[in-house]
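A short worksheet on the structure shown next.
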Amino acid sequence: MAASEDPLRRRKAAAAGPEPASPPGRDPMSCPARFRAGTFWLTRVVLLKALAFVYFVAFLVAFQQKLLDWTHMDSNLDALALLGLGISSFVLVSGCANMALMAALWLLYMSLVNVGQIWYSFGWESQLLETGFLGIFLCPLWTLSPLPRGTPTSRIVLWGFRWLIFRIMLGAGLIKIRGDRCWRDLTCMDFHYETQPVPNPMAYVLHRSPWWFHRFETLSNHFLELVVPFFVFLGRSMCILHGALQILFQVVLIVSGNLSFLNWLTIVPSLACFDDATLAFLFPSGPGGLKDRVLKMQEEEAQGPRAVQTYGCVARRLVNLAMGVLIAGLSVPVVLNLLSPRQIMNSSFHPLRIVNTYGAFGSITKERTEVILQGTASPNASAPDAEWKDYEFKCKPGDLRRRPCLISPYHYRLDWLMWFAAFQTYEHNEWIIHLAGKLLANDAQALSLLGVNPFEGTAPPRWVRGEHYRYKFSRPGGRHAAEGKWWIRKRLGPYFPPLRLQDLKGYFKSREWPEPEPK
């Protein structure tokens, strides 16, 4: 029976005519994207756009926030920030860049970090500089094209990004295991949401999660920071899995807290784990688009002989190789630090901050304390009837009824510094006395960093003091929450005593700070 059916099948096939020929170089049975694995044209576009976005946020923060006495150079710093905003905006919108533009962004931000001192003392400043340095070598020297045919994405540079995300995550995991005991007994997440630098509304909800959920969170954190980083070395599929898991992890952190642009920045090197075949879904289909042009480039490469290497291509390969050797050499002390039981985090071993150490939350505070700055117009600070008014910050906890803010990836630098100051005394944080002097003078620049000035439209306060409080989230459904309070607080004592402007003249002079003038 089977033998008699074969001629019939052949006659039907002949009547139907020959099958249409498929386009050369394309498999008609392949997925709609039809991309081959192993090219990184679209990867470069996504990497540059993501890096440009973080640069844009960083320069925006630099333009809008200043605290130090930079009056004589404010215009210069504003010019640097505006130039950085302009360049990063161009790269973000166009997806095009060259080495000159990316080097300019890196140099501009390096200048701000070096001048900024404690104002730029956060770990992600070095991380942005290292990421930005790698971004220079993603691009052609002068050509402004999203797909510069003569400059394919360097595998050495891609591995530089992968090496960066490996160190970021492994460093964060090791500092936790070696640090606070709560990471080992899986209890750190019982406290993290309430005590993190600047909680958001989701942190208020997550803080009341059941104990088993907090244990799961801590275990997941250890898996993502101590195990998953090694996936990057285990072939394409595991590398893609690594990138996807790390991006998902950073998204969860973005949702659950205001950690500045740190998590957004950490996503950037994770993108180097994906090739064009993986990222094609991000780009629209259609003739003439980036996706279509990359497909044609892949087809041409598969069909025709490779173009003759020019001197420019050879020079470019040598530059990338030199960059790889430089990173390898500068990584030696970083690797030794990772292996050391006395591991340090968020440090640089080189003034250009090309290869750095990273880590976060090696210790978790179990109680949240806040420094509340207050002022009074009373001539006698110790008088029982002296009315003390609170200064409110942009985002950090203060007013018990104010909802936690949601600002990521933006960064209120002063709010973070106040969080650090609450761990220590004012003697360890002299800048807070500097700030008090500016408040006594109604300094417009300092007041622009605050959310509420209780003396707006009036004479400046005669006295300013710092009060130390313990803050806790109110219980959802409880009495305080019913009163509209997100927080409850208890006074611990004075942080620094009441101060008058005349009391600070000698203090300012001894430190060569310009004396603030009342306004």
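Glycine too: its Cβ is placed from the backbone N, Cα and C atoms.
Whatever TrEMBL says is automated annotation, not expert-curated.
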Looking at the candidate ranges 1-30, 361-390, 451-480, report the one that TrEMBL labels region 'Disordered'.
1-30
What are the DSSP helix, strand and coil residue counts for the domain 'Lipase maturation factor 1/2 C-terminal' (354-497)?
30 helix, 40 strand, 74 coil
What is the pLDDT of the domain 'Lipase maturation factor 1/2 N-terminal' (120-280) when averaged and given as a whole number?
95
